[in-house]
Amino acid sequence: MVLSEGEWQLVLHVWAKVEADIAGHGQDILIRLFKHHPETLEKFDRFKHLKSEAEMKASEDLKKHGVTVLTALGAILKKKGHHEAELKPLAQSHATKHKIPIKYLEFISEAIIHVLHSRHPADFGADAQGAMSKALELFRKDIAAKYKELGYQG
């Protein structure tokens, strides 16, 4: 799967808006993920106790993790598909230590698309959504290949 230069520009344009409030975006994305796919919360020992949206919003740890997730994703997106160096350690930790299934990466991708659309409707129309979906699918496909190399079926 290849994105055109124009598609990458759409992705990176909206990503600049994410980076302007990376903590807020990360928090919103994780809350949406955990609310719509509560099974994903079980992978996070330090968040399992957070049962309500209010508790999630009050959690500094959750906000910090959102920053970590989006910082890593931003570094990958900025490589425009040439993300081997960034992907390798991420795949290693997610396959061997955290055991995060690819399905969960699909779930967080859905949350990312939803949050970006709700926060930036003028900058995240159908073309930008399509480009971001392709970029996230490329990321998932490549991380799934790394998982396979590591012997994790995820």
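Placed from the backbone N, Cα and C atoms, the Cβ positions cover glycine too.
Feature annotations, reproduced from Swiss-Prot:
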DOMAIN    2-148  domain 'Globin'
BINDING   His65  nitrite binding site
BINDING   His65  O2 binding site
MOD_RES   Thr68  phosphothreonine
BINDING   His94  heme b binding site
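Annotated features taken from Swiss-Prot, shown on the structure.
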residue: His65; record: nitrite binding site; Cβ contacts under 8 Å, 6 or more apart: Gly26, Leu30, Phe44, Phe47
residue: Thr68; record: phosphothreonine; Cβ contacts under 8 Å, 6 or more apart: Gly26
residue: His94; record: heme b binding site; Cβ contacts under 8 Å, 6 or more apart: Ile100, Ile143, Tyr147, Gly154
PLDDT averaged over every residue in the domain 'Globin' (2-148): 97
Looking only at the domain 'Globin' (2-148), how are its residues distributed among DSSP helix, strand and coil? 116 helix, 0 strand, 31 coil
